[in-house]
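Below is one structure, written out as structure tokens; the observations come after it.
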């Protein structure tokens, strides 16, 4: 029993011991397996390190090999350079030897020429005396002269030995034969000696490259030879710097030819240097400014052939090209090869596509985008080809400005475009409206289009603060305030004044000076705009007592310009007949017309952008509505007479109808109440009524006669024979001037006769000179009133010859358009006005 109990008690101990042994074995296995894994990892790491070391060693060996190869190449290049230098030295030595030989031969020729000069000029006593004083040993016999001729022939052959080795024997034989013949004939006939000697002298002169007469050469042999020696020495120095081939070929050439060849070699080397520099930029396609190097005749993307360059700008350049697919001329804007310009051009393409899609009928004066592509890392924008810009138009008027009638046409079209851009569907701010960005569609028409949307943006995507050209920059941009569509309206106001006056309205040299120019005309901006401006302290000083602002002095200007106020009415010339009275007594430039123009400009140039006039309000302004005052005096008088006659006829008809009605009513009353109607008109007898009607008719006839007499007097004043003759003379002069100008846009007679499509035409008479000294003819043909308007101008020119001579071609007659009041976008363009 005890043993069983003990065995029972020992059983758990035995189990524990067995479990411990098992766990120990397991721990040992885990330990050894971990050791084995660590060993394997260590071995793998060691292998990886060894591989890395091997790779590094291989790379180092490869680098060493490359360095050795570079060293070998450098050594080879040095050896080649040394060999080239040795060859050059040898060539220079050969050249020097050849030049020394040439000089010796040339000196021999000089002596021989001096000997021959006495023979050739026996009849010229003056020449012989000159040679006797300079060379006393030159007086020899005929036989000795014949010997000298033989020497000359030999010397000439020696000169030819340098370049023509194969022809030596032939030349020597011919020359020796000639000399033998001369020796046989010399003693008999001296005249033959003279001829032969002249031939020899001509040969010598050919070697020296003198093409003058024989006598003059003989008179100045010594001086010319000395000069030739000096020139040869100079040529030697030049030839040492040039190639060997040129030196060998230039031994028998003129000094001028040697210099020309040397110059060409140097220029070619400089061109090579330039090509090496240019090859650094976009594989040689671009210049240092990242602009594409345009080559005339080059074809872009197998479609557009470059015709000519139209201009350059900060964005890149514009070229004229021919589209081989559409068979038309186009303009290509080649953007610079820089990322900022590329990204901005993408925005311009997106905006043009948006506006063109919203305007499929091309009514709203925005340039048409035709295509765009990338060519040699340059983004290219293809648009329709237009004509001159408004600045070119202004320059061709010699900066005298254009008439209000033409400004009315331009302003109406630009406002049409601005209204279209301000619609919610388009929502585009141009941000750079100026005369250079407004182009004529045709040089003979007043239709325009707006271009260059490279700075444009949506009203809710304003990216830049520094926008607009300085002369046309709005005050909110100068003061760094928030801006909207109204900045384009400010620019338009500045443009319209400049187009009429001929000079920029606000021409500041910097931002502070620009603000000064604006304040001179429009006074200080509102205080709330200055208060909210981050540049207030830069431009203004605030009075702490009165809380008023004053403009700071401009210290950056080189010249001290005193602050002086100007009136906008004086700049435009409202009361003086235009700027410098250039438009005085012209049709369409009356005081009322100028007052309307001034009112429109003042509303465009209001400081507060919220109070500034909108495009739709501007289109409804009275400046664009036709009035009697805006028409020529003759048309006014004719219209007045027509209106008066119409009124009189209406009055007559009304009186007759009233009399009939009264007679009918009076008869009724008289039948009913014959006693009580004594005071009524019906109480009068029919005879009295007829007398009254006759008197009224007589009065009307007298008034009509007076009006006709007044019209005849006006016609006699305007259509006098002298004015008609002067008018025809003026037309003849214009036609003669057009015959002289052979440019395609200078046919004035066509403009005077062409009145089918456009009653208001702009004509730029452009020459091909760089200065573009052209005349601009703004011709208006109004069917039956062409000569009426011309006669008015002739009368004005006769009264003001000194003032209006410069404007005979610039200020012709123009009629203002008749745009209606436009409430909607669809009704924006006039339906019955095709003259724009």
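The backbone N, Cα and C atoms fix where each Cβ goes, glycine too.
Here the structure is a predicted model, which means the values were calculated and not measured.
Under the heading compositional bias 'Low complexity', Swiss-Prot lists 99-278, 630-697, 785-816. Taken from Swiss-Prot, the feature region 'Disordered' applies to 99-286, 627-697, 718-767, 785-836. The domain 'Protein kinase' feature in Swiss-Prot is assigned to 304-624; the stated evidence is sequence analysis. Residues annotated as ATP binding site in Swiss-Prot, with sequence analysis given as evidence: 310, 311, 312, 313, 314, 315, 316, 317, 318, 333. Swiss-Prot lists 432 with the feature active site, proton acceptor, giving sequence analysis as the kind of evidence. Annotated compositional bias 'Polar residues' per Swiss-Prot: 718-728, in sequence order. The compositional bias 'Basic and acidic residues' annotation in Swiss-Prot covers 729-744.
A map of Swiss-Prot features onto the structure.
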{"residue": "310", "record": "ATP binding site", "Cβ neighbours (10 Å)": "15"}
{"residue": "312", "record": "ATP binding site", "Cβ neighbours (10 Å)": "13"}
{"residue": "314", "record": "ATP binding site", "Cβ neighbours (10 Å)": "8"}
{"residue": "316", "record": "ATP binding site", "Cβ neighbours (10 Å)": "24"}
{"residue": "318", "record": "ATP binding site", "Cβ neighbours (10 Å)": "19"}
{"residue": "432", "record": "active site, proton acceptor", "Cβ neighbours (10 Å)": "21"}
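Across the domain 'Protein kinase' (304-624), the model assigns an average pLDDT of 94. Within 8 Å of the centroid defined by the CB atoms of 310, 311, 312, 313, 314, 315, 316, 317, 318, 333, the record's ATP site, lie the Cβ atoms of 334, excluding the listed residues themselves.
Geometry remark: residue 314 (ATP binding site) versus residue 432 (active site, proton acceptor), CA distance 13 Å. Between the CA atoms of residue 312 (ATP binding site) and the residue listed as 'active site, proton acceptor' there is a gap of 16 Å, rounded to the nearest whole number. The two recorded residues, residue 318 (ATP binding site) and the residue listed as 'active site, proton acceptor', have Cα atoms 18 Å apart. Spread of the ATP binding residues is 14 Å (greatest Cα-Cα distance among 310, 311, 312, 313, 314, 315, 316, 317, 318, 333). Each residue contributes its Cα atom, and for the residue listed as 'active site, proton acceptor' and residue 316 (ATP binding site) these two points are 16 Å apart.
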